[in-house]
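Visitor: One structure is given below, represented as structure tokens, and several questions about it will come after.
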């Protein structure tokens, strides 16, 4: 664990002291080295015990894939932002890379915390660098409005979480997850237990986000630069799902009363966000609402609390992290050339960027959960477990799957096929090797996980 954390922290002074000509290359190479080291964390998945590196830090079969995902996406964020940073002064480049590395450090600490208060602090710390990236390096004037939405939604949700954790500390005298597992501080049928779970769920649902608490997400995605969109969709949304899974495994599942409203909103959100996607004209907004729908499946599966459901939730989080990050990178390649996110103004791109159409097709097929992708494995596990929980859920999840395929085909056909190319995009620069490398590095982990899904599926 420390062999990942310490090099990540050391990358910040390296960025500040590195010569300006080698700044981006040094940051990318070092962060890729850390990403390769993080793959070694997947080894503990063969056992279900936690591997401790200190009293408050440890990794196990749930946190290891998410830490590896965080480390893998960081160099891709810097690589994707290279064109965006070209015109920036050297000091701003150093600030951007340092902010990104600080965010990665916060995520590693959040996923490896075994103390609930440490998890809370790092959970909230991720807010600061993300807010800086959105409000400083965003493209439009509305980025400040998006930053305020993001800040206040998250803070309003985190206040009940803090009160719940302080109450837990006063009852039990500890916040260490292994000790809490041995001694449950609340009677399971008490009002205290119900209120405590409701406070926890509120914070985690806003982070994921749950349909109804999701208004900050499309704004943040649309206004964020490519690096902000990648880390937001790829990893930050998974903090909520990780928090629910981690706490429910230690403290026992939530009672039916507090989680029924969340379950209904999650299932209803799958349908509603899919219908919203079909009406979108903004490409990034479409991908953002798609994320809300997929996270609705994860939320529903974490409440089902069966082994299949939790396995499907972890698989879905990893698959969605890679897929949505790749889709945002593809939308960014269009935006950098056309300065527009409107679907109707960027149509028929296959004539101009034919090789990029291959990556669009790959990303669209994985987003539709086509066999044999890990997206399909996650969705099937979740749909099966929800069917066992209640037979009527098959109507909602089945319709959600059909609508998901529909809006993904709509997105692909609108951007790549049909119609005459608009006159404003007939003379755009060709694709670069850097962009194809980013797409390969998104597809490669998905192919490897298709060949060996036990790395993330046999976790419970």
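Each residue, glycine too, has its Cβ placed from N, Cα and C.
Bear in mind that the values here come from a model prediction, so they are computed numbers and not experimental data.
Annotation source TrEMBL lists domain 'NADH:ubiquinone oxidoreductase chain 4 N-terminal' at 1-110. Annotation comment: TrEMBL describes 113-401 as domain 'NADH:quinone oxidoreductase/Mrp antiporter transmembrane'. Here TrEMBL flags 21-42, 62-82, 94-111, 117-138, 150-171, 191-213, 225-247, 259-278, 285-304, 310-330, 351-370, 390-412 as transmembrane segment.
Help me see these features in their spatial surroundings.
Guide: Residue counts of the domain 'NADH:ubiquinone oxidoreductase chain 4 N-terminal' (1-110) by helix, strand and coil are 86 helix, 5 strand, 19 coil (DSSP-based).
Counting residues 6+ beyond its ends, the transmembrane segment (21-42) has Cβ neighbours under 8 Å at 1, 3-4, 7-8, 11, 14-15, 59, 64-65, 67-68, 70-72, 74-75, 78-79, 82, 85, 90, 93-94, 97, 101, 104, 455 in the same chain.
Residues of the same chain lying 6 or more positions beyond the ends of the transmembrane segment (62-82) and with a Cβ under 8 Å from any Cβ of it are 4, 8, 24, 27-28, 31-32, 34-35, 37-39, 41-42, 44-45, 96-97, 100-101, 104, 107-108, 111-112, 137, 225-227, 230-231, 234-235, 238, 242, 245-246, 249, 314, 317-318, 321-322, 325, 329, 332, 434, 437-438, 441-442, 445, 455-456, 459.
Beyond its flanks by at least six residues, the transmembrane segment (94-111) meets 4-5, 8-9, 11-12, 15-16, 23-24, 27, 31, 57, 59, 63, 66-67, 70-71, 74, 77-78, 81, 85, 88, 118-119, 122-123, 125-126, 129-130, 132-133, 137, 227, 231, 235-236, 239, 242 of its own chain at Cβ-Cβ distances under 8 Å.
Sequence-distant neighbours of the transmembrane segment (117-138) (same chain, 6+ residues past either end, Cβ-Cβ under 8 Å): 56-57, 81, 84, 96, 99-100, 102-103, 106-107, 109-110, 144, 146-147, 150-151, 154-155, 158, 161-162, 165, 169, 175, 207, 220, 223-225, 227-228, 231-232, 236, 239, 243, 246.
Here the transmembrane segment (191-213) has Cβ contacts under 8 Å with residues 123, 153-154, 156-158, 160-161, 163-164, 167-168, 236-237, 239-241, 243-244, 247, 254-255, 257-259, 262, 265-266, 268-270, 272-273, 292, 295-296, 298-299 of the same chain, all six or more residues outside its ends.
Long-range contacts of the transmembrane segment (259-278) within its own chain (CB-CB distance under 8 A, at least 6 residues past either end) are made by residues 197, 201, 205, 210-212, 214, 286, 289-290, 292-293, 296-297, 299-300, 303, 393, 396-397, 399-400, 403-404, 406-407, 410-411.
Outside the transmembrane segment (310-330) by six or more residues, the chain places 62, 65-66, 69, 73, 76, 80, 221, 226, 229-230, 233-235, 238, 241-242, 245, 284, 287, 290-291, 294-295, 297-298, 301-302, 356, 359-360, 362-363, 366-367, 373-375, 377-382, 384-385, 435, 438-439, 442-443, 445-446, 449, 453, 456-460 with a CB less than 8 A from a CB of the stretch.
Listed as Cβ neighbours of the transmembrane segment (390-412) (distance under 8 Å, sequence separation of 6 or more from its ends, same chain) are residues 267-268, 270-271, 274-275, 277-278, 283, 286-287, 290, 293-294, 296-297, 300, 343, 360-361, 364, 367-369, 379, 382-383.
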Visitor: At a C-beta cut-off of under 8 Å, are there same-chain residues at least 6 beyond the transmembrane segment (225-247) that contact it? List them, or none.
Guide: 62-63, 66, 69-70, 73-74, 76-78, 80-81, 84, 96, 100, 103, 107, 110-111, 116, 119, 123, 126, 130, 133-134, 137-139, 177, 200-201, 203-209, 217, 284, 287-288, 291, 295, 298-299, 302, 310, 313-314, 317, 320-322, 324-325, 328-329, 332
Visitor: Which sequence positions outside the transmembrane segment (285-304), separated from its termini by at least 6 residues, show Cβ-Cβ distances below 8 Å to it?
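Guide: Sequence-distant neighbours of the transmembrane segment (285-304): 205, 208-211, 214, 217-218, 220-222, 233, 237, 240-241, 244-245, 248, 253-254, 259, 262-263, 266-267, 269-270, 273-274, 276-277, 310, 312-313, 316-317, 320, 324, 327-328, 331, 341, 343, 367, 379, 381-382, 385-386, 388-389, 393, 397, 400, 404, 407-408, 411.
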Visitor: Quick one: mean pLDDT on the domain 'NADH:ubiquinone oxidoreductase chain 4 N-terminal' (1-110)?
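Guide: Mean pLDDT, the domain 'NADH:ubiquinone oxidoreductase chain 4 N-terminal' (1-110): 89.
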